[in-house]
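**Q** Okay, here's the structure, questions in a sec.
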Amino acid sequence: MSTYLNPEKNRIPALLTLAVIGSVWGLLEMALGGFLHAIHFTYQGAVMGGLAISLMAIFMSITKKPALIPLLGVIAAAFKPFSALIFGEPVFSAYVINPAVAIIMEAVAFGAVAFIFKKAMEKHLLAQITTGFLSGALGIVLYAVIASVFGMGKWPMLDMAGKIDTIISTGWPVALAGSITLAIGYYLGKFGMPKLANFKTSYPRAYYITSAVTVVSCWVIPAVFHLGG
């Protein structure tokens, strides 16, 4: 009998998966997100938002725990100070705080939408596409609300029409990217789950060591770049 059929032996630790995927997301936000911001790439939001949604979809596919997804955003957001240090920006500045809040709002939005569509996502591609689109759009809306209330960026200076226009112009590329990348991420998680479970069962020590090394490496790499720079 395949070890994947034994739920006790093959249960993937949700918190360890959270640490691994959250750290990978944070490293990508720090490095790729910081680079795209530095070169003023027009579609930075779509690229990073789509990438974030794909990683959250992988986590959702593996653990089936949407309530933990906001914690992915918290872990990823914790990497943003490294981005400021490496690219020569103040740590306690809008360069760090604004994207960190945006990352957390992305995760909150995804967790909320995924909770609603949890069962449907397991069976229907359309539900995955819908979840990706809605979570991408909702993440922008939540950030706009938080930014307007707490005076972040240009949001407090915009009237209601300006806010709606900005939400639409920045939100649709992220929503469109999310509708594609969620389906991809969910498939990757579903496809890789049996292999990951069998690896954990057959080589438990290697599984935990590899996971720990991945997490530690994600945190060490930015520190090394900062010290080396």
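Quick reminder: no glycine exception, Cβ is built from N, Cα and C everywhere.
Since the structure is predicted, the reported quantities are computational estimates derived from the model, not experimental observations.
As annotated in TrEMBL:
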TRANSMEM  12-35  transmembrane segment
TRANSMEM  41-60  transmembrane segment
TRANSMEM  67-88  transmembrane segment
TRANSMEM  94-117  transmembrane segment
TRANSMEM  129-150  transmembrane segment
TRANSMEM  170-188  transmembrane segment
TRANSMEM  208-228  transmembrane segment
**Q** Under 8 Å, at least 3 Cβ pairs, sequence separation 6 or more: does that hold for the transmembrane segment (208-228) versus the transmembrane segment (12-35)?
**A** yes
**Q** Return the stretch with the most CB pairs under 8 A relative to the transmembrane segment (12-35), choosing among 41-60, 67-88, 129-150, 170-188.
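**A** By the under-8 Å Cβ criterion, the transmembrane segment (12-35) pairs most with 67-88.
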**Q** Below 8 Å between Cβ atoms, which of the listed ranges 41-60, 67-88, 170-188 makes the most pairs with the transmembrane segment (129-150)?
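**A** Looking at each of 41-60, 67-88, 170-188 in turn, the most contacts to the transmembrane segment (129-150) are made by 170-188.
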**Q** When each of 41-60, 67-88, 170-188 is checked against the transmembrane segment (94-117) for Cβ pairs under 8 Å, which one has the most?
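**A** Answer is 67-88, with the largest number of Cβ pairs below 8 Å.
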**Q** For the transmembrane segment (41-60), find every same-chain residue at least 6 residues outside the stretch whose CB is under 8 Å from a CB in it, and list them.
**A** 17-18, 21, 24-25, 28-29, 32-33, 66, 68-69, 72, 76, 103, 106-107, 110-111, 114, 118, 121, 128, 132, 135-136, 139-140, 170, 173-174, 176-178, 180-186, 188-189, 192
